[in-house]
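**Q** I'd like to ask you about the structure that follows.
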Amino acid sequence: MGELSAADHASPRLPPPLPSPSPKKLSVLPLIALIFYNVSGGPFGVEDSVSTGGGPLLSLLGFLIFPLLWSLPEALVTAELAASFPENGGYVLWISSAFGPFWGFQEGFWKWISGTMDNALYPVLFLDYLSQSLPLFARPAARVPALLALTAALTFLNYRGLHIVGFAAVALTAFSLSPFVVMALLAVPRIRPRRWLAVDLKKANFRGYFNSMFWNLNYWDKASTLAGEVDDPSRSFPRALFGAVMLVMASYLIPLLAGTGALDTSTTGEWKDGYFAQVGMAIGGAWLSWWIQAASAMSNMGLFEAEMSSDSFQLLGMSELGMLPAIFSKRSKYGTPTTSILCSASGVVLLSSMSFQEIIEFLNFLYSLGMLLEFAAFIKLRVKKPELHRPYRIPVGTGGAVAICVPPTVLLVLVMCLASMRTVAVSVSVMLVGFLLHPAIEQLRSRKWVAFLATAEPPESFSSAALVQDQVTIDDDASVSLLLDHSHAKKEPLDLAISLDSALKME
């Protein structure tokens, strides 16, 4: 798509919004915390992997092997593409550049629905933990108003500014993980390594096991949607993603090693959501159990904030690309996308009545569709657009890029094959809605019923450094490799002759 259509020329256009005082940009540490909460939030919810895996062995092996097969490839691909397209919208930009705006819109729609489903879990889980100590919140008369009030309060915090959300995420990360550090230290004298090898495949539920693993290790790409709010994103994203991968793996493995090594796991059925509170009781006493329950509740707040930030800035980025009406790009005085936040909050409220297992399976299927498209875009951009400015580049050639994508692609297909027919039906319905919604929005544009921003197409690469003089070079420190290869830092000239029309050109 090299040129704007006649419909685009005929549509009402708004000039880009006047610049407001620049909001504070996220640095690496808050970005690590946001990625951590996009992906994990701590070991809350990994208990199911022990029961569905038939014992500790498959659970521990899963959190050792799955990050290598799934998390690391996704993080590497995200680092390269987020550095190349460091603007709000993230994966919507990647897909649009590789396959055109129609598929970019579908990617954004699937990921937004998946993210909103995911976010609907956290206020519910927060009240579930709270009701263990205050049974009042188990009653609908108190639960529904509390759910609405909690969603409104967390939405307001998101509205107040991304830098506030970022530093809140840092504080919540420290608080959520601290009881597990204490639990691990107290568990050391009681650990019997042979307990880690226990497994009973007859008790395993592999659909639940794979869904649990996948849910606890996905969404590495989510923070890319707010890349425009990050300080020096081309350098910050690779570093933050590497730090987040290490933090997530440690936050899962250390509590599992401590709990399954210190306690008898012959009755694996007890390992359900929230069981770490019982593990804390057995290892440290009531005080540690209460601490873990408080950390669980606070972690859900961090998960909500990180997800809503990513979802709302994704809608803002799509609006800036001309895929959504201009109202979605409207920012508050704090620099946050007001309409996009309200839209995401409304979706959370509407979906909060679904059950936990329904939400997990639905969002996993839609997320898998989006990730298959992202891996395809990564390979196509490597092959068709080798000149694309890549401040961070995975140090492999085209064959290596394909090889990196094979293991996670197999896992994605496996998760989709294990889905129930109901999940497939719902997901196909969502896809059909997306296919119809795109031409409907184009009709709104062509009939001048809704205003869109003038910037309808993304440039080829959004490196902010590319706006300087053609002769200027930059030190490619952004190529701090997630594979720990620091030997490729070099100086590269920047090609400034990138037109808006070449952005989505199909080659």
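Using the three backbone atoms N, Cα and C, a Cβ is placed for every residue, glycine included.
Just so you know, TrEMBL annotations are computer predictions that nobody has curated.
According to TrEMBL, the region 'Disordered' annotation covers 1-21. The transmembrane segment annotation in TrEMBL covers 165-188, 240-263, 275-292, 362-381, 393-415, 421-441.
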**Q** Given pairs 6 or more apart, does the transmembrane segment (165-188) have at least three Cβ pairs under 8 Å with the transmembrane segment (275-292)?
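**A** These two segments touch.
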**Q** List, by number or range, the same-chain residues at least 6 past the transmembrane segment (275-292) whose CB is under 8 A from its CB atoms?
**A** 43-44, 47, 178-180, 182-183, 186-187, 190, 255, 258-259, 262-263
**Q** With a Cβ cut-off under 8 Å, give me the same-chain residues at least six positions beyond the ends of the transmembrane segment (362-381) that come close to it.
**A** 74, 77, 80-81, 84, 91, 94-95, 97-99, 103, 106-107, 110-111, 113-115, 117-118, 211, 214-215, 218-219, 221, 354, 388, 398, 401-402, 405, 408-409, 412-413, 415-416, 419, 423-424, 426-427, 430-431
